[in-house]
Every structure is written in C-alpha cells, then in structure tokens.
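Notes for the one structure printed next.
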Number of protein chains: 2
Amino acid sequence: MSAINIALLGMGTVGTGVVKILANNAHNIEQKVGAPVVIKKILVRNPGKVRNAPTDAKIVTDIDEILNDPDIKIVAEVMGGEMPSKDYMLAALKAGKHVVTANKDVVAKYGRELFEAAEANHTDFLFEASVGGGIPIIRPLKQCLAANQITEIMGIVNGTTNYMLTKMTNEKMDYADVLAEAQAKGYAESDPTADVGGFDAARKIAILASIAFGARITLDDVNVEGITNIAIEDIEYARELGFNIKLLAIAKQDDCGINVRVHPAFLPTSHPLASVNDVFNAIFVKGDAVGETMFYGRGAGELPTASAVTADIIDVARDIRHNVSSRILCTCFDHKHIYPVSKTESPYYIRLLVEDKPGVLAAIAGAFGAQQVSLHSVIQKRKVERSTELVLITYRVSDENIRLAMNTLLGMSVVSKVGNVIRVEAEQIS
Amino acid sequence: MSAINIALLGMGTVGTGVVKILANNAHNIEQKVGAPVVIKKILVRNPGKVRNAPTDAKIVTDIDEILNDPDIKIVAEVMGGEMPSKDYMLAALKAGKHVVTANKDVVAKYGRELFEAAEANHTDFLFEASVGGGIPIIRPLKQCLAANQITEIMGIVNGTTNYMLTKMTNEKMDYADVLAEAQAKGYAESDPTADVGGFDAARKIAILASIAFGARITLDDVNVEGITNIAIEDIEYARELGFNIKLLAIAKQDDCGINVRVHPAFLPTSHPLASVNDVFNAIFVKGDAVGETMFYGRGAGELPTASAVTADIIDVARDIRHNVSSRILCTCFDHKHIYPVSKTESPYYIRLLVEDKPGVLAAIAGAFGAQQVSLHSVIQKRKVERSTELVLITYRVSDENIRLAMNTLLGMSVVSKVGNVIRVEAEQIS
C-alpha cells in the first residue's frame, strides 16, 4: 500500500513531537494504518530556524505548496493562534484535505465553520489535542459516552494554574512568588493572563460542553474568573476545612438549561479531582448511564500533545484506507438555553475582616439572612490589628443572592474588608 | 433514513440497561447516527421471565430467528458466559451481522477467531464493555493512544475485590466478614472464586495487554494470585508504611519482553490508583509519548456496562450509515516474548512470626542476604505469645530470589510462620 502523505503546519514544540513520534513508532503506526504515514511538507515562517525535521520532508513557507499538492491527504495544524491557522485549515478543507489540529482557540471560535467545510468537502476534521493535551477526551465524549445524556463536566484543564495552586497548597508559597517561579520554569508565559485569568480553560470547556450537550457553546457563553485573587490564607482555610482549591472548568446541564463557567472552587479532598496535582489535568464527566468517570493525564507538553495529534492522523489515515470520511463531524444538533451564572447555586466560602467588638457577628448574620443566605458554619480566626478574620461557609445559595449579600456587607461600617468569596463545589452541605 | 435494526442476545442486567438507554436517549442517538436504532428481536431462554422488553421487539428463543433475519444488522451479545455466547457471535458474524459484546470471557479466549470471522465477513466486532464496564478504555487504547508504544498498564479492574479491600482498610473488617457482606449485598457471588481468586481481572488484563502491546495475550499467559490471603494485619501495616493494598492487574513491556500478572500489591497512597475505592475501577496507562494517563469510573452495573454496549452499537450504526466496516479489528500484529513472573522484580513486603530471642534478626537477615535480598527496613511489632511479628520491606529483588529466600526461612527453627509476602508496586525504594 502506498504511503499516506501528510503536511505539518508549524514546527514548534508540538510539531517537533509529531515528527519524533512518527519516526520512533513508524513500524507500529504502519501496521495499524495498513500503510506508512509520511511527512511530505512542513510549513514554517522561518526555514532557518527549523531543526530536527525529517530529511525527506520539504520545508515550505507558502501554504499553496501544500494546498496545491494532490499527494498530501492530511494537514496537521500545530502552529497555534487564531490567524492564519484558521484560514489555512479552512483552505485545506476546501482543497479536500483532511485536517487535524491541536488548536483550542480556533476550534472554540470557528468550530462550526470548519465542520461545515469538512462536511461539504467530504473530509475529516479532528481535534483531540485541543483539550487536555494527550488525555483522550474528545473521542471518548463523541463515541464512548455517546449513549449518555451528559449532565456535568468538571475539569482541571489548565496545567499552569494547577501547578501554581499545588505549589501554594504544598509549600505555602504566595501567589506572586509562585507565578514568578512558574514563569522562570516556562510553565507560565510572561503575560500570564490567558492562564491565570481562566481564558485558556474557558475555551477548553466551551469545546467540551459543545460536544457533551450537543449544542454549540462559545467563549461568550462561559462565565470566567481566574485565580489572581486566591491568597495563601484561602488555601490554608480550605485545607483546615477539608478542601483543596482548584481552578475548575464546569459545564452543567439540568432542567433549566446549560451553565458553563470557569472559576476557583473549594473541592472536598475526597473528590477524585482534588488530588490531581502539578501540571496534570483531569476531566470528570457524569452521564445518566455511565455515572461518574474521570480522564487523567498530562494536559500539555511536546509529546503528550503530539500523542493526541498523531492519534488523529492515524484515525484519518485509517479512514483514507477504508475510503470513508466525515464519519463523525459536528454533533451540535440542538440549540439549548444557557442560563446566567447569577442563577447557579452552590455553597460559598467567604473570608471577611471585621471589627473586633460585640454584636458584629449578629449584624453580619442578619445581613446574610436578609438575602436568604443561611450560614452553615462560622470560624473566627486570627486577629489582624484591631480586626478579626471571619470565615463563613454558607448553605447552598444562588450566585445572585450571595452578590446582593456581599454588597450589603461592604456597606457596613463593621466590615473592613472582604478577603475572598469562593464557590464550594461537589459538596453536599445540608 | 430507515431504522437500523438490532437484536439483543440476552435480557439480563446489561440487556435491560441497553433497552432503557435506547428508549431514554432515543432522540439523541438518532441524531448522532442519522437514523433510529431499533431493537427488533431479543433472544432469551425463558420468555416467561422477560420484563421491560420494548413492546415492538419480538422475544425469540431460537438464534436462527435472528441469524436468518436480513433486517437485523447488529447483534449485541449480553448473555455472558463462554457458551453458547461464542457460537452465537461467530454465527452472527458469519451471517454478515456486526457484533458488539460485553463478554470478557469470550473476548479473552476466542478473540482471534471472532476477529478473523469479522474480517472475512466485512463486519465490525466491538467489545468496549468487556473491560472496565462503562469506562472508556478499549477505544482509547486502540485509537486515542494509537501513536504510543505502551510500556505499562496497571488497573483496578475488579469491583468486588476493590470493594472488599476498601472495607477492610476503612472499617478494619477482616476478610471473611467482608466477603460475607459483599455476598449479602450482591457484589460477590456465592462462589466468589472468579473475583477473589483474580481470574476475572486476569481475563481483563489479557484483553488490555493484547491491545496495548499489539500481541495476543491469553489467560494462560497471566500469572494470577487473588486476595484470599490478605489479612487485616497486612492492611494495617500497609497504612502505617504509607501504602494501600489493591488487587492490581499489571501488564508491562520492556526490553526483555512482556509480563502480565494479577496480584495484590502495596501501592503508595500518593499513586492515582491508591484512592480508587469501593466498586470503582481505574486503569492507569503509560505510553512513550503520552506519559501517564488514567481512566476512572464504574466497572460494572446495569447502566454503566450498557453505556459501553450502546456506544458500540452507535459506532457500528455510524459505520453502517457511512457504508464502511471492519475499520479497526484485531491489532495483534506481532508475536512477543512473554517472560515468567519469576523474572519480574519489585520490592517486597514480608510479614513473619519469629521467636522472640537474641540473634533472630541477624539469622533472618543472613538468610535473605544469601539470596541477594537486601532489606530496606525492618519493623518489630506486636508480640504474639512468645513470638514477635516482624515486618520487612526489601529493596528491588526478583520474584525468583524472594521465593528462594522464603524457602530458606521456612526451614529455620526461629521462624514460626510466614504471615504474608506481597509485592510493592510503583514505589522507588533505593
């Protein structure tokens, strides 16, 4: 059987990983596909910088050299960024080439357009690497759990912030120091906003929610809150109360509709996600038939991400061998109501600095009570000059009501500062 | 698009689950497939006992009514047991029908024959439910991790024994009491040998190893040891030393070849598998590209298992819609050397009852030393009449040498009893 030729768009970290895997595991991959898979061309911006390219591959700088090459059947996009990646992928699909990508930005924003192009041109469009790096999650959701109504996805899908929160928890380092260390190690970028602001996680949960719920969810539908306000005090109170703080990407579906959000949360230490540490990712999925499942592994990195890209290449190559395409494309068949985060409910952790005098607790409890917020527990902690730190855990309450209560509190003279307000997830407080 | 008709073989727990899922999620499944999936016939032994069958389905007792029905495209085998399940599946494949099954016994023993029949007759043969119930693991190994050389699989794949070990650990119940309770709850059968003896886990790891290593591994290749000798003392010493005892199904591939085994093991509490409790299953997979991944969920039960069976049905139905079959069948392309368990190496935990007198420890250490077994730590524990319980953790040593050393010890007059010898896995003792 003649070789199946592919082109790589980009030769950075992930591209280099794909080259290594296709070389190291060539024999196995040929057996699985029934034909050798060969990199024929690699598109780069600066040919002078390319290292480790396979000797048989032609380095090109013009996308047309790939688009117009009828021998190239599969285009693997590993450049990252929205543009020109999206345009290149669209052009490749329109040229009848199968496309696989690791690009969460493009899939989250332009998924529909790319799926439509794939369908119209009878090609495959796969993106297993766009969420969770090497962790199998897209294909499991689209195929293995296809018989389920998915009710919930809860994931740790950003390695940078999970590394930072783990460090803060285990080594009692504060946020600024941990961020500086993560930047020094290359885990965080010099502008860390996409990670610490929760936007990377938001794109990933938009992709997962779209597949899980069969309705297109975009970044605009995701309520996003990052970890920049998490203080070492919050981490320590969490530990004391039996929780770990994690940046969670959450998508839930119930009778009211769909809600999708990214925010830090208190998670009981007994929850499977609570012990997912360092740069590891994990995605917890609940379905009406399967119950609770979890997928765990490395969410980023050269070889893990390339593992997923290459798996997609192998899958497309199998389709080519069997003369089939577009077997599984867009599964967003429905429009579903997305309800705002203000209507979501959970218990909350609240840390306040209050005046240290009689009657203060009664006043605060009264302010909460006026907004139907019931307090499950109250801990009076360390004194800070003439104030006292007060830690509260509420019963289940709507986000709307907690915000109203916090506004009232901020207007009270006895409240000197609101330290933090953090959701409690996966805990039955009753 | 006209309906895709299927037949169920069996209407027990899993069959009932498939009926429920196809009814509850009919709309979603029709969207995904592009056609309704309808149960046309159900084969049972005793029609009088059938409850909850869909009204449109015909209950039959003769397999020929299914084999000779050209409208039936997919046969889902959910009867269990080796025979007649295997004969029915083979006949269905030969009749040109796609087959999906939850049957680990048949897949482990007759996999090759069934794959060959599927290939010859251009049909699909899928078995996601045969390992790990609803946990996606077969398809992830065959597709999502296809770019990897898998070096290790380590799984908790038997819910009954995991429930028992969890109870022993958390509630300090002893083996006999826990078994009785598991039987009363229906988690263990009246003859519990397949579970507690490790044979159920052995069949599952044979299936996983065959896929992971691309070489057929049969039950005969698996070294099997169950949990019947695990005493509450072992559980308690494990906890004290920072381990949990789990029944592990292990398959490793290295330069020497492949080794596959099932046995109880000490697992560091920090290992992701160590906190997989109760009836939950989890499978830890290491690949050269992806690194460490883990798949977690319910390994048994009506709906979880039916979730996997129905996912296979949906996948085959998609193939029928796209006019393709046999896309991914047997992936055992190679023959690989399987080396005996005696050549495997690990640290070991050893619990001995010895005479309580001077010089005993020196004599025992000498006996170990004579077989190149070095001791990492020795704990002298409680006195039992005039004896002392001695707990040893060795450095990494071959199974062969530990057995020779234990034989010598058994011949020593100062050793009154060998309490237990248990492998330590996933721990770097150096």
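Keep in mind that glycine also has a Cβ here, set from the backbone N, Cα and C atoms.
Remember, predicted model here, so these are calculated numbers, not experimental data.
Taken from TrEMBL, the feature active site, proton donor applies to B:Lys204. Taken from TrEMBL, the feature NADP(+) binding site applies to B:Leu9, B:Gly10, B:Met11, B:Gly12, B:Thr13, B:Val14, B:Gly15, B:Thr16. As annotated by TrEMBL, NADPH binding site applies to B:Lys104. As annotated by TrEMBL, L-homoserine binding site applies to B:Glu189. Annotation comment: TrEMBL describes B:349-423 as domain 'ACT'.
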Under DSSP, the domain 'ACT' (B:349-423) has how many residues in helix, strand and coil? 23 helix, 36 strand, 16 coil
What are the other residues, in sequence order, whose C-beta lies within 8 angstroms of the center of the C-beta atoms of B:Leu9, B:Gly10, B:Met11, B:Gly12, B:Thr13, B:Val14, B:Gly15, B:Thr16 at the NADP(+) site? B:Leu8, B:Gly17, B:Val18, B:Val78, B:Met79
Count, for each of the recorded positions B:Lys104, B:Lys204, the other C-beta atoms lying within 10 angstroms of its own C-beta, and report the residue with the smallest count. B:Lys104
Other C-beta atoms within 10 angstroms of the C-beta of B:Leu9 (NADP(+) binding site) total 25
Rounded inter-Cα distance in Å - B:Glu189 (L-homoserine binding site), B:Thr13 (NADP(+) binding site): 15
Spatial neighbours, same chain, of B:Val14 (NADP(+) binding site) - Cβ under 8 Å, 6+ residues apart: B:Val78, B:Gly80, B:Ala102, B:Ala129, B:Glu302, B:Thr305, B:Ala306, B:Val309
Of these binding-site residues, B:Met11, B:Gly12, B:Lys104, B:Glu189, which are close to chain A by the rule of a Cβ under 8 Å away? none
Quick one: pull the CA-CA distance for B:Gly12 (NADP(+) binding site) versus the residue listed as 'NADPH binding site', whole Å only. 16
Among B:Thr13, B:Thr16, the most crowded of the binding-site residues [Cβ within 10 Å]: B:Thr16
Reported as an integer number of Å, what is the Cα distance between B:Gly15 (NADP(+) binding site) and B:Lys104 (NADPH binding site)? 16
